[in-house]
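**Student:** Take a look at the following structure, please.
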Amino acid sequence: MTDLNTLGLAEARDKLRAKEITSVDLTQACLDAAEASGALNAFVHHTPDIALAQAKAADARLATGDAHDMCGLPLGIKDLFCTKGVASQAGSAILEGFKPEYESTITQNLFDAGAVMLGKLNMDEFAMGSSNETSVYGNAVSPWRRGNDDTALTPGGSSGGSAAAVAADLCLAATGTDTGGSIRQPAAFTGTVGIKPTYGRCSRWGVVAFASSLDQAGPMTKSVRDAAIMLEAMAGHDAKDSTSAELAVPNFEAMLTGDIRGKKIGIPKEYHMDGMPEDIEALWAQGREMLKAAGAEIVDISLPHTKYALPAYYVIAPAEASSNLARYDGVRYGHRANLAAGDGITEMYEKTRAEGFGHEVQRRVMVGTYVLSAGFYDAYYNRARRVRALIKRDFEQVFAAGIDAILTPATPSAAFGLGEMDNEDPVKMYLNDVFTVTVNLAGLPGISVPTGVDHQGLPLGLQLIGRPWEEGDLLNTAYALETAAGFVAKPGKWW
Ligand SMILES: NC(=O)C[C@H](N)C(=O)O
């Protein structure tokens, strides 16, 4: 079979088990596709030797008939994950040359299951951005185009390389991370599926920290079934991350019955935004109809504190980032500035950090430091924390009232052109996260499902938000939506 790289995880797993294909052939097909995709700038480090060695080992394991679902499946890994002996730069110049001496728990879990690593994927610097344009490697490019217009579009961010690679079939699936929308927004922009699990479901150990109370990793895949399979392999308790939950990981795939009869789906009125494009409004209405036709009950709900979520996020996330990023001091990791005669340790810190961090990261460190400073702590940071508690309570109340899942748009627009956002006004970029940050602030699971295309043929996603720890139920509702939507569009190959 040719084009093995176009398979999804479930299909490839079944073919591997049936001995119709080998992991080495599957991996080689992905390596070839990745190699030929320079124009997308999705992979920033290729690891073919590791990939082929892992694929050979996987084939041997498959031959014994005792292999995990992920065994032999080639993946791309976001550059935010520490991978032992392999460059892990978090998209930043400050981590130039950094090769971790340890493996992140999530990549270790995937490798233990037999998965194959093709290489590292592009991302916004330290996961700060929504377009992949803050990356030190230059932006990743979406494989999608607006009709015949050849304007280069963003794959979204910060997991932009992951989204571009999955959408362009350079890998079967990829890891992503989501602090305020970084899995779900790029998934929506590229016609792929992205789930941010409940905070604590996946270990953060070895994932470069941005905002520790919000960061959570998850899979980015070609289907909901693939997301279920990969999430199960990534998740689980880890003694090395004190925020990781001591909960058993269910067999998520077994929960995909597609039966959502009697489920109550909430439609929050606060997510109707002024100036929302008609395409998005229409998609949301279609999503409601699809779930209703599948037997769910559609209920209007209110999440009254929604409008404060974005400002609260853009106080809390930079505050935590300013603390987390203090460790990049030129002593312990990566880049160190050349010093002039007479420079002391202060100059070393200042020069290293000025050279090593890009503009957006510097902006967030400054905002974070400001909102945590003695005179402003109460006015900004504490107020944002109180808002966060109210947002969490809004969700708790609707779930307590019997709502099973909440349906919203994933993004306020389709993918935009690279360079089209006004860099002078960061808030315009931040508005990309308006429908996704609430989920991180409340620690809930959220998934973006490709549901339709806009008037220019670009993919659009709807977001489903679930109860904490009920990813299985959420995935099943997403599966019902995916089945009803029947999204099959693919980008034409131009790269
Ligand atoms: N990391 C994320 O979830 C991305 C979000 N757009 C941010 O810039 O903070």
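Heads up, the Cβ atoms here are built off N, Cα and C, so glycines get one too.
These came from TrEMBL, pasted as-is:
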ACT_SITE  LYS78  active site, charge relay system
ACT_SITE  SER158  active site, charge relay system
ACT_SITE  SER182  active site, acyl-ester intermediate
DOMAIN    25-475  domain 'Amidase'
**Student:** Compute the C-alpha separation of LYS78 (active site, charge relay system) from SER182 (active site, acyl-ester intermediate), stating it in Å without decimals.
**Tutor:** 11
**Student:** Select, from LYS78, SER158, SER182, each of the active-site residues with a Cβ positioned under 6 A from at least one atom of ligand 1; if none does, say none.
**Tutor:** SER158, SER182
**Student:** To see if you understand the setup: which same-chain residues, six or more apart in sequence, place their Cβ under 8 Å from that of SER158 (active site, charge relay system)?
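**Tutor:** Long-range Cβ contacts: GLY91, MET123, ASP124, ALA127, MET128, GLY129, SER130, ASN132, THR177, THR179, SER182, PRO186.
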**Student:** According to DSSP, does LYS78 (active site, charge relay system) sit in a helix, a strand, or coil?
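**Tutor:** Reduced to three states, the DSSP call for LYS78 (active site, charge relay system) is strand.
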**Student:** For SER182 (active site, acyl-ester intermediate), list the number of other Cβ atoms lying within 10 Å of its Cβ atom.
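**Tutor:** Result for SER182 (active site, acyl-ester intermediate): 37 neighbouring Cβ atoms inside 10 Å.
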**Student:** When the pLDDT values for the domain 'Amidase' (25-475) are averaged, what is the result?
**Tutor:** 97
**Student:** If you draw a 10 Å sphere on the Cβ of LYS78 (active site, charge relay system), how many other Cβ atoms land inside?
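**Tutor:** Here the count is 31.
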